[in-house]
Amino acid sequence: MVLVLSILNVASPFLKFAVNLNMLQSWMLSLYILLVAINSGVFHLYLSFFATLVFKGLIVPILLFRVLRRIGKEREIDMVVSIPSAIVMSGMFVLVSSILSTKLTGLEFLFGRFVFVSSLSTLLIGGMLLVIRKILFSQILGLLIMENAIFLAANSAATGMPLIVELGVLFDILISVLISSVLLLRIRRSFEDIQVESLEVLKE
């Protein structure tokens, strides 16, 4: 489901819909961590579930929705790569991840081939969004998708990430979103479009 939502994000130019997809993806990730916690009996995975749900599933989307209302941008029109081409590239990422999963050993013991394919494909798709999208807001969403992929892989192991590390990562994400949001609003006030090319003016 995490992978499917990432592909849907690629296919949609609508920013509000993209935030909703990212929020739903975080909810699915939280649910998956909860299932892993129930099956493994590891206590700190329950805390990880709660932290992921609150930070990534609630706080970050609320911040993004507020920024979206401020900038008044509904969709992204100009992209480096067309949406159909981006969808094809996403399919290629899934294919490459599937091939890699058959070459690597020990995946069944660690977290399974399906989770490996989902997490690696989602990571690559998020990275692609950072490259093909010109609006800084969309690139923030791509970064969050990549982070979801890392959390999916890390929490699929029997013990998951150490809780202190996970909380630190979540806090860094929250701070990054806040800083990016402030920067985005400042660019909006100074320039008509919120495209990354506008940042070149700041170098002068």
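Residue positions begin at 1 at the first shown residue.
Glycine is no exception: its Cβ is also placed from the backbone N, Cα and C atoms.
Features of the protein shown, as given by TrEMBL:
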| type | residues | note |
| --- | --- | --- |
| TRANSMEM | 42-65 | transmembrane segment |
| TRANSMEM | 77-99 | transmembrane segment |
| TRANSMEM | 111-132 | transmembrane segment |
| TRANSMEM | 139-158 | transmembrane segment |
| TRANSMEM | 164-185 | transmembrane segment |
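Long-range contacts of the transmembrane segment (77-99) within the same chain: residues 3, 6-7, 10-11, 13, 116-117, 120-121, 124-125, 128, 131-134, 195, each at least 6 residues beyond the stretch ends and with a Cβ under 8 Å from a Cβ of the stretch. Away from its own ends, the transmembrane segment (111-132) comes close to residues 2-3, 6-7, 9-10, 79-81, 86, 89-90, 93-94, 96-98, 100-102, 104, 138-139, 141-150, 152-153, 156-157 of its chain (Cβ-Cβ under 8 Å, at least six residues beyond either end).
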